[in-house]
């Protein structure tokens, strides 16, 4: 029973492989195409890849000892080398249909489609004749032709994102710069105000010391002395009467006109 199951499993795997080989259509630009198409769009028969002394990795590009159309360099469609009218070797694109089960959103752009009757400059490239390659460099690798994908990769590189840590460090540095600037400004104004206060206190102290150290003559006022002498004379004048003087009648406020005391 297990032998029958194993045989059925092998048979199903073989059928799947056969169907994948028979499937002669491409998806996208046909880099994974492994069909048996041997003619180009112009009807020319492809040359064998080994006869051109080209070295490609068969496991990745599908190039080997055959003349089937392949796309080892990422071109728009599968292609192969053919012999020109003058004996030169040139590259031509193959006319292979697109798989019908492909999603419409993944269909190639219109500018990438290749007409079946004409050949553009990108599809046809002239190379040296195959017999011009020296036999001693049979295994030498030839640089593949750059396609659309290689041209896109050579564009400007995207700037590296600093990330959250980079932005945090930038904000931290800006805050430090702002704090330093504010501290320097406040320190300048504080020192300036303290110097002005010291100058004012010094002026007040100098004026006070100058007033204290003045001589006594600076406080002498002749007018003030004259007034003081007059006052002293007036208050110090004796009120003595001579024996010849008699009090005037009625001059004493305690005496009445009749001479009666208390009147």
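Every residue, even glycine, has its Cβ placed from backbone N, Cα and C.
Record features (Swiss-Prot):
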type	residues	note
TOPO_DOM	19-163	topological domain 'Extracellular'
DOMAIN	24-99	domain 'Kringle'
DISULFID	25-99	disulfide bond
DISULFID	46-80	disulfide bond
DISULFID	69-94	disulfide bond
CARBOHYD	103	N-linked glycosylation site
REGION	239-263	region 'Disordered'
* If you measure residue 69 (disulfide bond) to residue 46 (disulfide bond) at Cα, how many Å is it? -> 7
* **Helix-strand-coil residue split for the domain 'Kringle' (24-99), DSSP-based** => 7 helix, 15 strand, 54 coil
* Structure fact -> Keeping only the disulfide-bonded residues of 25, 94, 99 whose C-alpha lies within 10 A of that of residue 80 (disulfide bond) yields 94
* Lowest local Cβ density (other Cβ within 10 Å) among disulfide-bonded residues: 25, 94 -> 25
* Given the disulfide-bonded residues 46, 69, 99, which one is most crowded in terms of C-beta atoms within 10 angstroms? -> 69
* To do: Would you list, in sequence order, the disulfide-bonded residues among 25, 94, 99 whose CA lies within 10 Å of the CA of residue 46 (disulfide bond)?
  => 94
* To do: Starting from the Cβ of residue 80 (disulfide bond), draw a 10 Å sphere and report how many other Cβ atoms land inside it.
  => 26
* Roughly how many Å separate the Cα of residue 94 (disulfide bond) from that of residue 25 (disulfide bond), to the nearest whole number? -> 11
